[in-house]
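In Swiss-Prot this protein carries:
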MOD_RES   Thr3  phosphothreonine
REGION    36-55  region 'Disordered'
REPEAT    210-243  repeat 'TPR 1'
REPEAT    252-285  repeat 'TPR 2'
REPEAT    286-319  repeat 'TPR 3'
Amino acid sequence: METPPVNTIGEKDTSQPQQEWEKNLRENLDSVIQIRQQPRDPPTETLELEVSPDPASQILEHTQGAEKLVAELEGDSHKSHGSTSQMPEALQASDLWYCPDGSFVKKIVIRGHGLDKPKLGSCCRVLALGFPFGSGPPEGWTELTMGVGPWREETWGELIEKCLESMCQGEEAELQLPGHSGPPVRLTLASFTQGRDSWELETSEKEALAREERARGTELFRAGNPEGAARCYGRALRLLLTLPPPGPPERTVLHANLAACQLLLGQPQLAAQSCDRVLEREPGHLKALYRRGVAQAALGNLEKATADLKKVLAIDPKNRAAQEELGKVVIQGKNQDAGLAQGLRKMFG
């Protein structure tokens, strides 16, 4: 994220007229990249739960719906929970931040100071107002520790944590949420203690934190939240990737589980890459072969999909999920051939 210029807390930004802000907003919208891949039917198998040699350090990033959120921000910003006298008279495009997973758009109301942001272990003093959920954060100022504590299990926990990761000390921001027509949520970060980067942690600490993230990811996946699960698996992988090679065998499981999430989220390219990392360490990993086959079919690479699915059936001939997926691939191939033949007849007939 581009860091805005450092201002004193509470200082208003009047560097541009409203017309220039609106122009920059439209230009900023044009730069938003949306992932529009259509998800296939979800795999009929389960996550990898046992330990075996695997993550993609990339966490699925899609910003579908960002344009709609920004339009709502533009129209609803006057409904904020604070006094309008605290609002900057003019904002720049750099004052908008799009959460990579598309869960919200942040508009900076009051810029913070410094360059540091909360990280693992940081104790943050925050004030949150206007959450639409039935049970939001506690009223008044609250202290939350990044990456630790039961607050992360709450409906609002993941959203606040993602936003805090992008904030500087003293920053106040409005969050526009998909499907939320009311006033924007407002979040203020008064202060935070210095946490630790992953390279500062002991090996045992990294492994323990990674196990917690993996367990949380599996809970979210089973609850029907592949996006949240992928975020947990990605965090666990980033912790383990800092360990000396070859790394713990849990990496293979995490990559395989991340691939399952990416398939459900309509990201077959990322899913195939996650499976590649599994198969580099364990060429006969059935679930990785199956998921890569599904991903290749979604990408239209039918020969590669067929090869992976046949490998699964060679190892496990009774694997029903692979049998069904291979049948779909065969039908898809016949339809492609029929379409090509029809096109050639029209061209040369």
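All residue numbers here begin at 1 and follow the chain in the order shown.
For all residues, glycine too, the Cβ spot is worked out from N, Cα and C.
Residues in the repeat 'TPR 1' (210-243) partition by DSSP class (helix H, G, I; strand E, B; coil) as 28 helix, 0 strand, 6 coil. In terms of DSSP secondary structure, the repeat 'TPR 2' (252-285) contains 27 helix, 0 strand, 7 coil.
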